[in-house]
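Listed features, source TrEMBL:
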- 30-48: transmembrane segment (TRANSMEM)
- 54-75: transmembrane segment (TRANSMEM)
- 96-116: transmembrane segment (TRANSMEM)
- 150-174: transmembrane segment (TRANSMEM)
- 225-245: transmembrane segment (TRANSMEM)
- 319-339: transmembrane segment (TRANSMEM)
- 345-368: transmembrane segment (TRANSMEM)
- 380-402: transmembrane segment (TRANSMEM)
- 408-427: transmembrane segment (TRANSMEM)
Amino acid sequence: MAIAETSRSSHELPLSTADSSRNASTAKKLTLVPLIFLIYFEVAGGPYGEEPAVQAAGPLLAILGFLIFPFIWSVPEALITAELSTAFPGSIMGSLKFLSGVINVASFPVLCVSYLDKLFPVLESGWPRNVCIFASTVILSFLNYTGLAIVGYVAVVLGLVSLSPFLVMSAMAIPKIKPHRWGSLGNKKRDWNLYFNTLFWNLNFWDNVSTLAGEVDNPQKTFPLALLIAVIFTCVAYLIPLFAVTGAVSVDQSNWETGFHAEAAEMIAGKWLKIWIEIGAVLSSIGLFEAQLSSSAYQLEGMAELGFLPKFFGVRSKWFNTPWVGILISALMSLGLSYMNFTDIISAANFLYTLGMFLEFASFIWLRRKLPELKRPYRVPLNFTGLVIMCVVPSGFLILIIVFATKIVYLVTGLMTLGAIGWYFLINYFREKKIFEFNEVNDDLDNVNGEHPKVDDHES
């Protein structure tokens, strides 16, 4: 693909891992409910981490952000994900998305500890904090190794348990709510970098779940429905606590740091609810970690199947039929990155994700223009002009993420982007010299521009 690929010809297009020859036929498939909660944990995992939006710009802009942003970003991204499904437009894009994913995975142990240190101050810094991050990463990575079906059902339980204290807190906050507080613009200078990165980090990564589509039961029907439900579920889960706490609690804007929801729970109901939310934060972080690590690991396997990586990147466990090489590599990289500052972690993840999304939008439009008759599991119900507009609007937001990035984020992401480009040429060298074994491109890709392309019945 000319946009996302620099050496492979344009007929070598997306390959569905659901149709690939992976030896997963005996593995349990994801059904609708576990898939909804895995998508939910890919993106959100609860209102944990939304607090800095209030700190950065005040209650009104925080509420408006979580009301409007899903329509200009989350919904278009989810629709594009549903249509492209398990597509991997190219090696460079795959590298950028993978790197943003593993950086994002690194944020969850840090987020978890940020809530725990409100109860256990010893975890605020030093070796206790580092040991806690290390131990949680190792244990949760092993859980991921045991299988995606297990992880899916664990996500259902974690999602329900982690959200329950917020429902209780929101209900108890109702008598204390003063609606005029929702209109406050705050009492400090706005931090647009923190504001936009908080919104973006809390409401992105919808396309990451496409790497799991090959593990879904009846993906053509289940996947789009799960995405729709997950979008609605995610937005409501953010907004209800945000309305409740900003309306019921009056504190200095600077107090709205990560973990403030727990402090607000104590103000509203007492320490028992604070502890409940802290426990929910730990459970939410577990779900987020598992979903994101699964996505990164299966992405490496998918790229190996496409021939973008050596075959050994797609090796599966004999015991659990999971891509253990992908899990190991993703976990090790995330562990190394988890000792960065939390804000720098999410900003770097957002920046790399932004670069990948530019390629994804371009690839989506290119596919519709070049191959309108290509069979798609789901088709976004818009004409070509509508699709362009749908991609242009969120692209403006992506530009804001780049513009407001800090110097350290430019440095980290710049080095990683150069590394991704260098890795691309290194992989080509390995392929040419036959140093490692690579998969050949699936024959179905050649048929896309050949005599017998796969065509949808209503597109022919």
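Indices start at 1 and increase along the chain as displayed.
Every residue gets a Cβ built from N, Cα and C, even glycine.
Residues 74, 111, 115, 148-149, 151-153, 155-156, 158-159, 162-163, 166, 202-206, 208-209, 212, 215-217, 222-223, 225-227, 229-230, 233-234, 237-238, 241-242, 258, 261, 280-281, 284-285, 287-288, 290-292, 294-295 of the same chain sit 6 or more residues outside the transmembrane segment (30-48) yet have a Cβ under 8 Å from a Cβ within it.
With Cβ pairs under 8 Å as the measure, the transmembrane segment (54-75) is packed most heavily against 225-245, out of 96-116, 225-245, 319-339, 380-402, 408-427. Each of 96-116, 225-245, 319-339, 380-402 was scored by its Cβ pairs under 8 Å to the transmembrane segment (408-427), and the highest score goes to 96-116.
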